[in-house]
Structures are given as structure tokens and as C-alpha cells.
């Protein structure tokens, strides 16, 4: 029997203290559906100070509005598909803004399917966040990584930038809690509501709360994936409501773990309507076609490409054991202690440090000889070639909470100082005191007079410091922080490229027997070097 046919049996009178209705399983089921419709905005909640009668027409209209939102057949009854949708784990925020969902004939009922914004946004682009606590389901690093990646989903497509801080007054608080937790929106135990967040504003505005009774997981299809839930909730923290586009991240229900997650075009359009697009969007590799296109004209001989050694774009440069290592993507180059390139490079970084990340942002050697790789918000520490236990960790642990990521790091072991570079600023760490120095951050241009205004990589060789921006480098001699010398070409002066090869194609790579011999030489050289590092 259709549940809505029970309405004649239902005398639904809502007062200050009680709801009176016929006691049957069908009516109980219908009442559960009505509670869902009221909770998520499809039906106005009753006035607690007055008795109200809910009509059959109003219930039908509200059910149809909910069915339309989720792309279900609009029967006006809580049929099997509708009941199944109502039972799915989901976000705790309403799908329809309060006051818009009561009558199906309104302009809301006829709107085109798309994202929804609340007309509320942050009036700045640099936002901070912090953790009130952590779930015991995961390690702290896994929680931090999940939240960082969830925020990156939104910063990749907007000008927004997010930075974790320790304590203070962040824009967004991350909190795990059970049942009633102080915000008048209590959780309901395992299943049902997974989390909720608040739109931008003061007080709890922007905060995201996660139901501790859920079993949160990391990188697995089991349980409730924290990244997936957090990416959705933090969309609310930025001002997005629920989308009625099925498959959009901002659709209300939990969509499960997707290792190849990509933000839906509807979500992108929604957040960019509030903040605009990212002026420097991250590059993504394009999928390769299944079959090559059939040429319609005679093929044109492609121009030879420049050797990767001479194109610059190095992500990190470091002096390790008095030798210079240069990192780019998953490869590395190596210079002798006299600054000349060694034969047989580049080679994969994994030949030396198998657990190190590719595309490292910075690599440096600490005072105690520990080798550190930094990528994004995490860092890895190595004794020689072996990763230490307990890593990776969050960059905040490395920088005393001052930074959540870096552009470059310069270790000055003679002075027991370490510089951290980010955008146009630099911080200085005192290795003897074990803390960041007072008076920092400073402008890079003020601290390193005559140098670049931002730094992509940095290293020290024989007491001279080198700051790199793009393919240009600035040299500061004998511990000085001032230079009057013109910048040089890094690939020309350190990797043996001619100035012509910086801009013009180089000779093609060796082939056949020559390549085989070179690969054998590289393998033998890497094995020998590994033995040296381990001794």
C-alpha cells in the first residue's frame, strides 16, 4: 500500500509538546519521511509556539520537490526509490534554503538544475584553518592530508589560498564531535548525517564539523572517506549550497571514495560565481587518445626538442655532502664538489631515495646530516638513503607552525641557519636555538639585497649562497646577503649548456647501442654512489 494513502488516518497536530497520530508502521514511516522533508528544507518546519495541521496536498508537493531535486520519478509518494534516497548517508545542511521549499509551484520548483549559492562569500582570498581536535580513526597526518587535499579541490579553480595555523583565530575550524556538540545541530550517530558546515561569517561561520560516530577512512573504499566528506563540507564553508546536479560534489548525499576524483563542472561554475577563476590554474596531463587521428595532410617533420637538462624549471636544488643535487619532476642531476656536472645524469631520484616524493618543492640537509624532502604540506626525513620512521609529517612540524608549504629552503650549516622561502617572504630558523628567529618573515628583496623577489630553489656551495628564480641565479659570496652581480643562466654555468641551447633545439638523444651503454653506465654509477652514501 502506498504510504501516502495512510494520510487520511494521520491526524498530524504539532504543538509545543507532542505529535498525535495513529500508531502503525506505515504512519511511522510516513512521519519519518515528513521529518526528512522538514529537516532538509522541502517543507517548512512547524512553528513551535503554535499548533499546525499539515495537509495531504502539502506533503505531496514536498515529496515531489524532493523527488525532482534528486532526479527521481515525481510520484508524490514515498515509494521505494524515494525511501532509499532518504536513507542514504548525507550532509546535514538543507537542500532547499529555508522558506523556499513549501510550495512546488514557486519559481524554485521550476528553476534549471544547477549549483546553488547562498549569496555569502569571504571578502578575502587568503583563508586560514586549524584543527580543534582529531578523529582517532586516522593518524594526524592522514587527517591533515585529507583536509589539505579537500581545500586544494577549491583552490585549484579559484584565487583562494588556504593556510593551516596552530591556535589563534582561524577562519575555518575543523572539529570532530558526537551527538550534541554546542551548535544546536546535533549529530545522529553512525549513518544518516555525516557532517555539516556553516557558510562564511563570524563566530562559527565557515566551520566544518564531522560526526565522530562515523568510521572515517583514508585512501580506501571501506568506511566513510574523510577527503570526500571534507571536500563537500568545505564547499559550504566557502558559500556553496547543495546542487541538484547528480554527480556534482555538492550534491547532498555521500558518493563514496573515488581515487581518480575530479571536480564536476557544476561545482566549478558555482564556486567561480563567488570568487572568480584561478589566474594560475594547475596544469593537468591530457588523456591520451585511444587511436591516433588519421592525418588529412602529409605529415610535417616535428622540430627537435630542447634537452630537459637545458630547459630549466628545476623544482629544488640542494647541497648534500658537499655536492649539488638538482631535482626536476622525478629526475635528478648531480654536480661534483667543484660544481661540474657528473656523467650519467639525469637519473630517477628513486635510484637514491626510493621513498622520496617526485616533484619535490625543496630538498636540504640539516645540521645533523639529515636529508629532508618537502612537497606540498608534507616533508620526509632520511638518514643517508633510508627514510626515518614516522614520516612523512606536516610542514608545520618543520617550521614551528609558521608555514604549511614552502617554495624553497636554503641551509647555511656554517651559520646554523636555515631560510624558508614562500612567495615574496623569507623566514629564518636558528639551528642552535631550535626555533624561528624574531623579526621574521621579511621581504626576500630586503633580506637578500640585489637578488630576486621570489625564490624557486636555493643552495650553498663553498660558503657562497645561490638563489634561483626560473633559469636565472643570483650569487651571494662568503656569507653576504648583498650582491651587485648580474644574474647568470643556471643551466649554462652549472650544467654545461651553451646560451644557444637554452633557447634553441639541441642534438637528438643517443640511440641503439650508445643508449644501451649509457644506461648500463648510469646503473653502475648509481649503485656505487648508493654504497658511498650508506658508509
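Using the three backbone atoms N, Cα and C, a Cβ is placed for every residue, glycine included.
Features of the protein shown, as given by TrEMBL:
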- 1-24: signal peptide (SIGNAL)
- 91, 232, 236, 242, 250: Zn(2+) 2 binding site (BINDING)
- 118-277: domain 'Peptidase metallopeptidase' (DOMAIN)
- 137, 214: Ca(2+) 1 binding site (BINDING)
- 181, 183, 196, 209: Zn(2+) 1 binding site (BINDING)
- 188, 189, 211, 214: Ca(2+) 3 binding site (BINDING)
- 233: active site (ACT_SITE)
- 271-312: region 'Disordered' (REGION)
- 361, 456: Ca(2+) 4 binding site (BINDING)
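The recorded positions near residue 209 (Zn(2+) 1 binding site), taking a 10 angstroms Cα-Cα threshold over the set 137, 188, 189, 232, 233, 361, are 233. Around residue 183 (Zn(2+) 1 binding site), a 10 Å sphere centred on its CB holds 14 further CB atoms from the protein chains shown. When the binding-site residues 181, 196, 232, 242 are compared by the number of other CB atoms within 10 angstroms of each CB, 181 has the fewest. Cβ proximity to the Zn(2+) 1 site centre (mean Cβ of 181, 183, 196, 209, cutoff 8 Å) flags the following additional same-chain residues: 92, 175, 177, 182, 185, 186, 187, 207.
For the recorded Ca(2+) 3 site, residues 188, 189, 211, 214 set the reference point as the centre of their Cβ atoms, and the other residues of that chain within 8 Å of it by Cβ are 178, 179, 187, 190, 191, 192, 193, 194, 212, 213. The secondary structure of residue 188 (Ca(2+) 3 binding site), as reduced to three states from DSSP, is coil rather than helix or strand. Annotation note: residue 233 (active site) sits in a helical segment as assigned by DSSP. The average pLDDT for the domain 'Peptidase metallopeptidase' (118-277) in the predicted structure is 91.
In this structure the C-alpha atoms belonging to residue 183 (Zn(2+) 1 binding site) and residue 211 (Ca(2+) 3 binding site) are separated by 13 Å. Note: the CA-CA distance between residue 181 (Zn(2+) 1 binding site) and residue 211 (Ca(2+) 3 binding site) rounds to 10 Å. The number of other CB atoms found within 10 A of the CB of residue 456 (Ca(2+) 4 binding site), across every protein chain shown, is 24.
In this structure, the recorded positions under consideration are 137, 211, 214, 233, 361, and the one with the smallest number of other Cβ atoms within 10 Å of its Cβ is 137. Under the DSSP three-state reduction, residue 209 (Zn(2+) 1 binding site) is assigned to strand. Closest to residue 232 (Zn(2+) 2 binding site) in space, going by CA atoms and restricting to the binding-site residues 137, 188, 196, 214, 361, is 196. A distance of 35 Å separates the Cα atom of residue 211 (Ca(2+) 3 binding site) from that of residue 361 (Ca(2+) 4 binding site). Measuring Cα to Cα from residue 189 (Ca(2+) 3 binding site), the binding-site residues that fall within 10 Å are 214, out of 91, 214, 456.
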